[in-house]
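Here's the structure, in structure tokens; my notes come after.
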Amino acid sequence: MVIKYLLLILVQSFVAFALPFTSRSDPKAEYLVTSLPGLYSNIRTDERPLMFAGQLELYPENQTHYFFWKYQDTNQIPEAKKRTIFWLNGGPGCSSMDGALMEAGPFRINKEGEVIYNEGSWHKSGDMVFVDQPAGTGFSYSDDYDHDLDQITVEFVRFMEKFFELFPEDASNEIYFAGESYAGQYIPYIADGILRRNKNLREGEKPFNLKGLMIGNGWIAPNEQSLSYLPYSVQAGIIKTNNPRWSSILRQHQECQDIVSENDGPDGSDVSQVVSNTCERVLNLILEATRDQSAADNEQCVNMYDHTLRDSYPSCGMNWPPDLANVTPFLREQSVMNDLNLINHKKWSECSGKVGNSFRAKNSKPAIHLFPSILEEIPIMLFNGNRDIICNYIGIEGFIKKLTWNGQTGFSEDLDTLDWVYDNKTAGYIQSERNLTVVNVFDASHMVPFDKPEISRSLIDIITGNFDEKEVDNKSDMKKKSIVTYPLGVRMAKQKEESESKTSPTSVTQSKTSSISAVSGKSLATSTTLDQEHSATPSAEAERAKNQQTSNRITRLIQLLVIVVLIWGVYILYSSYRSRPSSIIKTGPSGKKKNVQWADQLRQFEEEEIEQNEQGILSRALNKLKGGDSRGTYAPTSGKTYEDIEMNEGITEHTDNRVDDFIIESDEEDAHDENQTNKQSVSK
């Protein structure tokens, strides 16, 4: 019984060390994700993130639950600590599992329905939380659906409050929002709601530490963006002016222009709805006019999300990206739903028509009208893949020219356009001023992280100021001012080398880091440049993370070993206590007891002491686990067996005069003559 109890303590201790973030009393233990198809066979131990997922209850009265999936790197680099990034996909009504499993999350899904590692996962730069919202999207559910952006804001702020109740250790983290497409409406509205909440806190509430917004190919200003379909299509070579449908497309474009001119009031009070069917028709006509009916069925239409690709008509990109064919069955597996701790095993769909049909965005002002007030407090980054039609970069540039923020309209005319260099290659170009940064990403689609995982992750470095600004040689052998970002950990190692080289007369000038998050009004172009470019060095930070992980494992092993030794020691003491024989000698007249030991036991104790001293602790532990008799060994007797001397049971007579001796050492006799030992022979 005692052994079982001690083993139970050992197992519980091991679990406590193996899962330090959870316990029976910790509510987030219910959301811990420990298994997924392929997690242990395809993902290395050091690449497996700490994961939590589930449907978090917001309102019990109407069964509103938001599904989230959180990823945390177990070997965080210093720059990534205390940072939480909430990712939202668009739609409206499209699941953020697109972002988790096809873009910025640590996993992609292969044809076998198993997770494989994404080398460009954003969770290496901060904790990633992918949320299905509004209710009804993906794995989220409710009896009621939201109808406008104000409702969505209220519910997401409620989700954040519940989320940080579940993860109080993250409540003070720097918070960033990232997403794409219709998240260009969601994210500014939610950010505005958070900033207003922070100014009107109730008793006991704490502010959310909102630091910045990152919107990729966002649907932000419907007026200007709808007017960009035709100019972009012509510039990209998608359609030519000699197309037979050109005149009808031009007329539709003019109708869209008339709507925009009529409703785009300067004060934002009389604005067009977020989605205009008249303007949407322009894009539909372009896709119809460029259809190639002689091509294979799956290549007849231009992909509206990446014009370099083709798709079937009238899908025109709805079947893209190809990973969707793997993600959908994966998320519909009952075992996966169990792994993700789902309460309601609803059938997952990428986009919910029910949510989209319930949503009436015409009751909400387009998010662009919230930009001026948001930019007064936090930075916004707009990044665009240059191959996207539906939310193209020309539309983004168009509404920025008309936007007034922080005392000025549009970017300054003399503002430099800087190259963005990642890992010694030009990845795009950047403009930044007065808290607003625009990044055009080369060779990328509507879903930038899908096409450029590692490059897209470095966008986090830009918004957090983790970059260098310097002159770099371009293809024309001309030096051009550039923003330079690096693979994970490289910049820190580079800075360390430069710091050490400062003592040398030949050291180069260290670049000045510029942070776009500073509300100083200074652009990225005001930073000091380097005299020469440094090539990227191997990631010392990666080696540091590896060494730290090894150190953590050794520490954990030592802690576990200490527990084992302590339990073993307790067991030894307990066994010794239970095996100690009771005294069979009465006390003397003075009340002192006589110490009794078998004579041969004394000899054996001496031998055992010598033997045990020669053994190591591991050998003695193994001997103990083998179950040796802790009571000692008695010398054999001749004749009939004597059994229980203490209980006086089963004792039989001897026919042999040879008996075992035991020694009686009297405390009284020792007091009388401490130099003499009296020995006395006693018959059993």
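Heads up, the Cβ atoms here are built off N, Cα and C, so glycines get one too.
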In Swiss-Prot, the member of Asn435, Asn675 to which N-linked glycosylation site is assigned: Asn435
Minimum Cα separation from Asn435 (N-linked glycosylation site), reported as the residue among recorded positions Asn62, Ser181, Asp388, Asn424, Asn474 that achieves it: Ser181
Asn424, His446 as recorded positions, winner by CB count within 10 A: His446
Reported mean pLDDT - the topological domain 'Lumenal' (19-556): 88
In the chain carrying Asn474 (N-linked glycosylation site), residues 6 or more apart in sequence that have Cβ under 8 angstroms from it: Asp419, Thr426, Lys480
Proximal residue to His446 (active site) among recorded positions Asn62, Ser181, Asp388, Asn424 (C-alpha distance): Asp388
Among Asn62, Ser181, Asp388, which are recorded as recorded positions, the nearest neighbour of Asn424 (N-linked glycosylation site) by Cα: Asp388
Asp388 (active site) versus Ser181 (active site) - Cα distance in angstrom: 11
All-chain count of other Cβ atoms within 10 Å of Ser181 (active site): 25
